[in-house]
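Q: Copying in the features that Swiss-Prot gives for the protein in this structure:
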ACT_SITE  86  active site, nucleophile
ACT_SITE  194  active site
ACT_SITE  196  active site
DOMAIN    2-221  domain 'Glutamine amidotransferase type-1'
């Protein structure tokens, strides 16, 4: 698998993703500066966590206009795998690859903790190493992670099976306890928890490693 990790001014989880994909899983990984447009030869694009462009205006509002993200939209629309983690999830909603928005946490505080979430379906590339209903313990670190959407959008997400991960204790007040969603096709995933921070036992959990490892099988098949 050939992985591309987009790097914005203010990204701070890009190297964590690189360590998982290249260091732990041995996959070719290229860091893509936000001004680049060339995504040729890549199987997976990761839009990592951090504070792109300082979170000015609002999280992801400026990053959506970057050349790399415009190329990512085309990549996703052609069926390429795209993963947005934390700030990356916010950016994916800003560019319209995923519905809804991420807004201030219900308690107005930055939440940095490990939280349990449930796998809602295991028939997506992202969740193929998990079982439906399995509980994962993943870290969160965000101030604007509360997923919000209008009732019609929420109903569509549920009807289409687009909710992939759901909080058990909803630390931020997200609608329908949503922690991660896909697009209808399933090739784009946005999630607020950080799987790349739960990939080694020394970090306290390996529950996130399966998300990345599971992507290797469909590409190699």
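Numbering starts at 1 and runs along the chain as displayed.
Cβ coordinates are placed from backbone N, Cα and C, and glycine is handled just like the others.
It should be emphasised that the depicted structure is a prediction, and the values quoted were computed from it without experimental measurement.
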Q: From the Cα of residue 86 (active site, nucleophile) across to the Cα of residue 194 (active site), what is the distance in angstrom?
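A: Given the Cα positions, residue 194 (active site) is 7 Å from residue 86 (active site, nucleophile).
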Q: How far is it from residue 86 (active site, nucleophile) to residue 196 (active site), counting Cα to Cα, in Å?
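A: One finds 11 Å between the Cα atoms of these residues.
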Q: So if I draw a 10 Å sphere around the Cβ of the residue listed as 'active site, nucleophile', how many other Cβ atoms end up inside it?
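A: There are 29 such Cβ atoms around the residue listed as 'active site, nucleophile'.
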Q: Can you count the other CB atoms that lie within 10 A of the CB of residue 194 (active site)?
A: 23
Q: Can you check which residues sit near residue 196 (active site), meaning Cβ under 8 Å from its Cβ, same chain, 6 or more apart in sequence, and list them in order?
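A: Sequence-distant Cβ neighbours: 13, 16, 17, 19, 20, 48, 85, 208, 212.
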